[in-house]
Amino acid sequence: MELVSFGVEKLWDRLSQEYDQFKGVEDQVTELKSNLNLLKSFLKDADAKKHISEMVRHCVEEIKDIVYDTEDIIETFILKEKVEMKRGIMKRIKRFASTIMDRRELASDIGGISKRISKVIQDMQSFGVQQIITDGSRSSHPLQERQREMRHTFSRDSENDFVGMEANVKKLVGYLVEKDDYQIVSLTGMGGLGKTTLARQVFNHDVVKDRFDGFAWVSVSQEFTRISVWQTILQNLTSKERKDEIQNMKEADLHDDLFRLLESSKTLIVLDDIWKEEDWDLIKPIFPPKKGWKVLLTSRTESIAMRGDTTYISFKPKCLSIPDSWTLFQSIAMPRKDTSEFKVDEEMENMGKKMIKHCGGLSLAVKVLGGLLAAKYTLHDWKRLSENIGSHIVERTSGNNSSIDHVLSVSFEELPNYLKHCFLYLAHFPEDHEIDVEKLHYYWAAEGISERRRYDGETIRDTGDSYIEELVRRNMVISERDVMTSRFETCRLHDMMREICLFKAKEENFLQIVSNHSPTSNPQTLGASRRFVLHNPTTLHVERYKNNPKLRSLVVVYDDIGNRRWMLSGSIFTRVKLLRVLDLVQAKFKGGKLPSDIGKLIHLRYLSLKDAKVSHLPSSLRNLVLLIYLDIRTDFTDIFVPNVFMGMRELRYLELPRFMHEKTKLELSNLEKLEALENFSTKSSSLEDLRGMVRLRTLVIILSEGTSLQTLSASVCGLRHLENFKIMENAGVNRMGEERMVLDFTYLKKLTLSIEMPRLPKIQHLPSHLTVLDLSYCCLEEDPMPILEKLLELKDLSLDYLSFSGRKMVCSAGGFPQLRKLALDEQEEWEEWIVEEGSMSRLHTLSIWSSTLKELPDGLRFIYSLKNLIMGKSWMERLSERGEEFYKVQNIPFIKFSS
């Protein structure tokens, strides 16, 4: 099922599900469903064949318009019906005549749609379009193909990325560590060669880690600003506490800070993906002459060179050889060679070797091709794909990279249809943008992309993660699951894959991108697009292009550090009434008031006002009953939130402001489908409202004066599916006496406690599968380690500011068997830490920010897994080679001192 037939299928499902709503127009709806079924039979492989014939393309575009228009007609009618059902009997009687008119109008609209479908089918028959489409239809049964895909396990061994690179890594490490004459190493070559992968291997190499004191990695991109690059470097090289300060620094101050820092430290800075020599000229003033710093930069352009500079060397890695390409291809495409399900014969091997020649030795293209064939189990499938790649290359041979581009392009054509929509959505984001995966999942859900494949009990995030995993396995998206939470947190696109994504999105008229760097767009083109994304917007951008009544999605994306605002006129809400997705990050409105006309956007599924300059929310928000995602975390600290949520029964994600007006009172008991609720305040809402939210996976609670921990425990004990739980309390809350909490949630993986509590709960009252724990402001009177070290799956522990008020902590032998990361922040009374031999046997990273701790524990010598130690600068002398405590840390490869 291809892109356009996917839309038809969704529409057919909707008509079937809501059939009871269409009393009085059943005949018209039945006829429409029949026409849609007929249309589906003509659409097999239409998208795959539309490049062959302009007539096919025209028909596909017309069908898209029909599907969108029909969805709008049907949904508008259903929403009106639901509103009427909520009215009193007298009001419904008064509107009886109007209801009859609504049904007549619906019958007329459906009749018009049916005529348009008949016209398209007639055109397809008259001009032979049907034959063009069906000539290339696939022989594989869709269900069987999907079952094979579901059974298949893809290889994602990190060593796959390393095939053929061993010599390159060794040489680059030598340049950085052994060759002091070279301060700048340039890694150049075409896109997809594996430059970033190679740079990452070098950046994380143990020998390199041992050589330098500080490290910074910056993705430069085509549309960078000098200040953003300098800010990122300084943030990498200094403490996390300076992040906000650095964001607000002037360019001259950034320059001076970096210049001084690089004069006095051994630092490695990677500048990934510099496009022009002029870009390097902008960045380089921060580097003092001939000091301990080194730069590794990657670029597609070999002219990124230091003219006459003897401290510079260029390195161009070779493309993969045919044998190395074949080795890499086999590891991905044939991980289970010659199983009962998958037999690789000589003919298939020959086809595979022939196809990898089209990859030109580029590791990205080889991996994508391997991902394509990994899900193909028959000789027929391999032949079809081989011919498809060949035909694409014959059709377009201009340009050096045409073969590679089309290997990547075919990877898109071979995606299951639901993944095509998911992949195209990634075109929303700027180059090198770290995409928030959770938000992406809700974009998909709001547009109905993930509706048809969600299984019982599965959350929107579960479904979305499965999509990301499939795209990662096909080497089309770069991401990995967080080892602590098992979730995908961010993802991004390789440059070449992003070019394919943008090309396909433009070809499909999937969305329109407007930014300060893009050419001026034609308003007529924008008027035909149903998705509109603004990169770093200005008021002019929106005002110029807001008159598009068919707009489905309006998304704002910021790709750099800044605190800019852009003005949005309230009149836009009266002109784009079909919006499903509205993301207004950092917007501002006249007088700080969100216009009440937003309540007219009754089709909205996704609304974000994150960091918007809004002090007042209108009560008309209650009309947005289809919302599944709502973020009203605005940039005001005393915002009044109206009580508008009881009708929003479809909400899955709700983020409230951290600080609300004291008169705010919210009823949330109807939100039984919520999967994430953030900033729930016991001052503004009742804990009783939580009892019915049994689907919650994420919950952030703010406790007010008078709320006991026992009451809280009783209210949330039924939320058995919680994975991420955070408890905070308002400043000034005074807890008298000892209070006990029970937090025994079976699936809880991440727990954050920022509340005063003299003692931890007993071990049997803590989640047994907890992997991440963050404590702050707890003022624990007893050493927490004897309890926490018994959490057998704990991997990440942070004892942040004032979490412990005692003097001594002890980590005993055998404790913390899975702990990988430990952070110990400032504790005002903490003086002594004992680590027994055999404790924390898997610890990898240790951070200590304490001015009161008298000495490091001797037991650190026996933690052989410890690779990274981060300390305050006050420890530098004691831990230097001649320092009194050096023997405790001498086996740790990387030690960093930060202010």
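Backbone N, Cα and C atoms are what each Cβ position is placed from, and that goes for glycine too.
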Stretch carrying coiled coil according to Swiss-Prot (options 13-50, 317-354, 431-468):
13-50
Give me the count of other Cβ atoms within 10 A of the Cβ belonging to THR196 (ATP binding site).
20
Ten-angstrom check, please: count other Cβ atoms within 10 Å of the Cβ of LYS195 (ATP binding site), all chains counted.
25
Sparsest-packed of the listed binding-site residues (GLY189, GLY192) - C-beta count within 10 angstroms:
GLY189
10 Å Cβ neighbour count around LEU193 (ATP binding site)?
25
Just counting, how many other CB atoms are there within 10 A of the CB of GLY194 (ATP binding site)?
26
